[in-house]
Every structure is written in C-alpha cells, then in structure tokens.
Amino acid sequence: MALTLTDLTAPEGFERLVLAEAPEAGLRALICLHSTALGPAAGGCRMWRYADDDAAIRDVTRLARGMTHKNAMADLGLGGGKAVIFGDAATDKTPRMMRAFGAAVEALEGRYWTAEDVGISPEDMAHAAEATRFAVGLSGASGDPSPWTAEGVFRCLQTGAGHVFGTTDLTGRRVLVQGLGHVGLSLAEKLAKAGARLTVTDINPAAVQDAAHRLGAAVCAPDAVFDQQVEILAPCALGGVLTDETAQALSASLVCGAANNQLAHDGVAGLLAAREITYLPDYVVNAGGIISVASEIHGKPDAWRLERLTAIAGRVGQMLARATETGRAPAQVADEIVAAMLDTRRAA
C-alpha cells in the first residue's frame, strides 16, 4: 500500500498541516498540528463528507486550535491537533482505510495522538492501532470517551446553573439538548434523571423518538431550536450553531453543550454577553473525552480522570467569577487563560 504525506501551507499560528493519501485503501485525510508547546498534540479523528477541500481545512484547523485550548484548560500536558478523513462513514469506511490512517499517524513519530470523533468508533481506532502506537480510546483500554464527555458537560452545566439561577438544582429547568449522538443522549439521560423539563432534537428521527419515549422529553424540529422557550441550551451536534442571527433569537439564559466550535465566529460571544446570556466555552466544558484519552496516553487510573473532571467544573466556577468581576465574557476570560499558559511555556 502506497502512502504519501504532503505538507500543505499551514495557517499562521499553526505548526503543521499534512495531507495523507493512500488511494489503494481509499484514504484521503488531513492531520493538523496547532501547537505542541504543552506536549504532543492530541485530538480525535472524524470522518465527514466535506463539500470541498477548503471546507475540510477550515474544519480541521478550527478543531485543532480548539484542542490546544481544551487540553490546556484541562491541564493535561498535551498540545492540540485533529484529523479528518474525507468520505461517508456509513458507506466508505473500511478496516484497510483505518490502517492506512494509522500508518499516517505513525509517520508523525508521536507528535500527534489520535482517538475517535464523529464517524469513528473504538473499533475503527483498533484497526488504526494495528499500524500506529499513537491511537487511543480503544475498547478494553480507556474505551469510548463519550460517557466522560457527557459527565463533564453535565457537571459544568450544573455549575453554570448555579451562577445564572442561584442554584445547581435542575428540577423543572427547561433544557433543550440539540443532537442525540453518543454524548448528547448521555447528557439528556443525566438531565432527565436530574428532573429537568427536557426538549430534544436531532436529524435522526429514531433517536428523537427513543429519547421522547424513554426520557419523557418533548420534541422539536432541528430547524426550530431557536424558536423554543427554554432556560438552558445544550448544543451537542456539529459546530457553528451560534451565529449573529441565532444569538439574537435565543431565549436561553445559559448555553452549555458538548459540540465543538459552537460559535460561528469569536464575536458571537460578545453578542451573547450583551444579551446577558452566559455561554460556557465548549472547549472548557467538553474536555471529559480528552481527559479519558489522556489517561490512556499517560497511563493514569480512573481516579485521575475523575479528579480532572471535578477540576473542570471548578475552573468553570473560577472563570465565571473572573468574568463577573471584570465585566468580560467567559469565553474571553478562558482564551486569556490559555494564551497566558502557552506564552509561559514558550518563554521557558
């Protein structure tokens, strides 16, 4: 199998952008290293049918940058990276493709650790691991990171509720979960157990009906999310859902969800703050999954994962307190914390 790695021009501030191609295996992928200042880059691999190469590059670079921030805020000793595979995960993916992807990761010699993301399963990672030492999140090891992500988001949501509503008790709170994948469904289950008045939506009708039946959730159409009168929005689908327009339409007082890159652009955080909507930065609250992955990279036990999850919720509380004291958006405060951490390490 012929595998070629081609270095593309990385955006300013990024370390490396690599195109990996193995035509015989059906592989065409991008691997992006944003920063290794705090340690080797780590971040999941997703498989998606992109409209064109530019769309894939935009996605992988935003995701890689987000992983730098996420890993820094969670204090994991890791940098930020991400990979995307071109194609339809339901019809195009094969074990051979994943082994070829693993070979591409191995060729980076430990500068990038990969794990599952959208369209990729622990079983797929197991195939990749046949060709690389740097694939984690395998069945029988740290496993599926989704439950850890959901637990972290839930804890941060409770912290945010305490800040916004004066109590962490979610009984009767109107919460909308957008997206019922592995993480979104797990979060919805936790919210239902906590007594929230749940509304759910997803592009998969079967997932919606299952949640409605099992959790007693109300249902809304995917394109009607911002028409709902809710107190808390939990975006758990793909990114970019918070735009100039949706920020103005949103009724919720708190936004806390698992989706990566929820803001269409950084300025949306200011729009939300101006409307007194508390947005908890996604890269802070959804770090549970990478904490699970990091435990495997560093050889740490479950107790270490739980300590890090607890620390995330504590960091959210500190971030909100500083935002209140300074009159700045929580997202701005979080970005400043990460920038200071990276500057300190680079100067060392």
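Residue positions begin at 1 at the first shown residue.
A Cβ is built for glycine as well, from the same backbone N, Cα and C atoms used for every other residue.
TrEMBL entries are annotated by machine, without manual review.
The shown structure was predicted, so the numbers you read here are calculated from the model rather than taken from an experiment.
Copied over from TrEMBL:
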ACT_SITE  Lys82  active site, proton donor/acceptor
BINDING   Gly179, Leu180, Gly181, His182, Val183, Gly184  NAD(+) binding site
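Of all the binding-site residues listed (Leu180, Val183), Val183 sits in the most crowded Cβ setting, with the most other Cβ atoms within 10 Å. In terms of local Cβ density within 10 Å, Lys82 ranks first among the recorded positions Lys82, His182. Taking the C-alpha positions, the distance from Lys82 (active site, proton donor/acceptor) to Gly179 (NAD(+) binding site) comes to 21 Å.
Of all Cβ atoms in the shown protein chains, 27 besides its own fall within 10 Å of the Cβ of Gly179 (NAD(+) binding site). A simple way to gauge crowding: the CB of Gly184 (NAD(+) binding site) has 28 other CB atoms within 10 angstroms, across all the protein chains here. In sequence order, Ser146, Val177, Leu185, Ser186, Leu187, Asp202, Cys236, Ala237, Ala258 are the residues of the same chain, not among Gly179, Leu180, Gly181, His182, Val183, Gly184, whose CB sits within 8 A of the CB centroid for the NAD(+) site. Every protein chain shown contributes to the tally, and the Cβ of Gly181 (NAD(+) binding site) ends up with 17 other Cβ atoms within 10 Å.
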